[in-house]
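Notes follow the structure.
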């Protein structure tokens, strides 16, 4: 039988399809489309070919993805021409242009099709002609897609924006770190698909894995495991102490360089929570899943799953090591999708955390878990709800171990965990506080109701300030790295009688994950405080001592403890100092013109009382540095101004 269409060449019409599918930032070299939405290709016929008559003549199209495409797995679909495309399955329609001797074919993918690289084949009674390849992504613009997001401004922010801010520091001193997500930079999408192809589930059962890629829940959970390298050859190796043989996590300013290094040579050293989260955001957005980076200040790490963080001290006020901890901040991602496995009440933002902390189903991954489940204390909902709930809403108890071995509670808090949960605002560089999306107002009836629901077998802490000693820590202004400054502890006696106690005031370097380091200062005294009066103790922190103790996080934890062993009475106050770093001032030297180089002057003031060695500036920008950071040396700098 003769061919219905005698094809000379085909045109994937990349420019027009990319524009309508919001993938034009991916480049013009390949066809990238979003599922559930039609795209058009043109079949140019050979000269002298007979006219194609839609409705009377037809051909079949075959689309395939994965190494073992099968109809039963929805990784292969075969469909003919219809009068119009359908919106719930693979379909196609065609029209003939006699002036151009061509056939225009409109192809619509299923809104539930697996994402990935597809081949397109035209079949005319067994005579098959390859019509190229295309990459299919999730579609937040399609109402039938599981990742559909109604707001266009939010789609622009959570899918298309390549630049963002990641919030770091401490609850009372929050700073945004610029990050270049670069999800549309050359080569990034291929790397994201390679990450999926390297996950252990694909290696053990490629057919099942590729079929499951229709589901953003599955893809998000795979990414949570693959962004870290703990159980596989994932992207990033985590390190919180020794950075020998790799890059300090604080030096990364974008995702592209890390992803390119991974695809060339395997797991990249090193990352910490904000780097893991930024990579997860880049990959999610590249695949079409709306995603935001979220920072939780005062983030609990509950190792024994009792929803309580237990801080243990000996009788001298020294902290005893145990598994629980509270990180100054922790960063993860929220991804937008429906949850048919849980019910429509749990649709919307879903938390997942690629930082390797605890295992889930035997793998270092976490989530996705519905924010609504977290807020309502629905800890039976998948995935990892108890761990994430504790991160934002655990209670804290401070316990002292007496010489008898008995533990006595002397302090605690129901409000210190889960503060100022932050993400970049939509359409601006402002910080958006989303704490209310994770939990009810601290101390409210609703918040306590949810905690009781989650913690039903544990005794709630006593709330309200009791009469007794009260400690307040007051910090200095302008605490910049390199300066010397004083902090003060103020002890107030609200009792009816005078109190005599040992007053300890100490400072230690601390990592953002709550791990204490070396001492930065200590003082103590035995004080008598009459009823209604206060005593003040000062602690001077000098750069000569704290400079070698602090990490790149620039954090110092200040603790004041009072001890009255005669009546077994302990009180404590803590604050975390975030040392300011000098600002970098950027000035363009000349006018910026499209497609022409421009020189910029970068200037900072060295605040340290010592020379800086091997100094350099690193810059990166979407469309400016070809997806890789530019680093330029400026030589040694004395205490003063350095300029590049």
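In case you wondered, yes, glycine gets a Cβ from its N, Cα and C as well.
Per TrEMBL, the features are:
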- 66-93: region 'Disordered' (REGION)
- 81-90: compositional bias 'Polar residues' (COMPBIAS)
- 265-356: domain 'Transglutaminase-like' (DOMAIN)
- 273: active site (ACT_SITE)
- 330: active site (ACT_SITE)
- 353: active site (ACT_SITE)
- 393, 395, 442, 447: Ca(2+) binding site (BINDING)
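For residue 447 (Ca(2+) binding site), the same-chain residues that are 6 or more apart in sequence and have a Cβ closer than 8 Å to its Cβ are 393, 439, 440, 441. You'll find the Cα of residue 353 (active site) roughly 9 Å from the Cα of residue 273 (active site). Counting only residues at least six positions away in the same chain, the Cβ atoms of 273, 295, 296, 299, 301, 355, 391, 512, 513 sit under 8 Å from the Cβ of residue 330 (active site).
Across the domain 'Transglutaminase-like' (265-356), the prediction's mean pLDDT works out to 94. Taken through DSSP, the region 'Disordered' (66-93) splits into 3 helix, 9 strand, 16 coil. Each residue in 394, 414, 415, 417, 418, 439, 440, 443, 448, 450, 451 lies on the same chain as 393, 395, 442, 447 and has a C-beta within 8 Å of the C-beta centroid of that Ca(2+) site, without being one of the site residues.
The highest number of surrounding Cβ atoms within 10 Å, among the recorded positions 353, 393, 395, is found at 353. Residue 442 (Ca(2+) binding site) is surrounded by 16 other CB atoms, counting those within 10 A of its CB over all protein chains shown. Using a 10 Å radius centred on the Cβ of residue 273 (active site) and all shown protein chains, the other Cβ atoms total 27.
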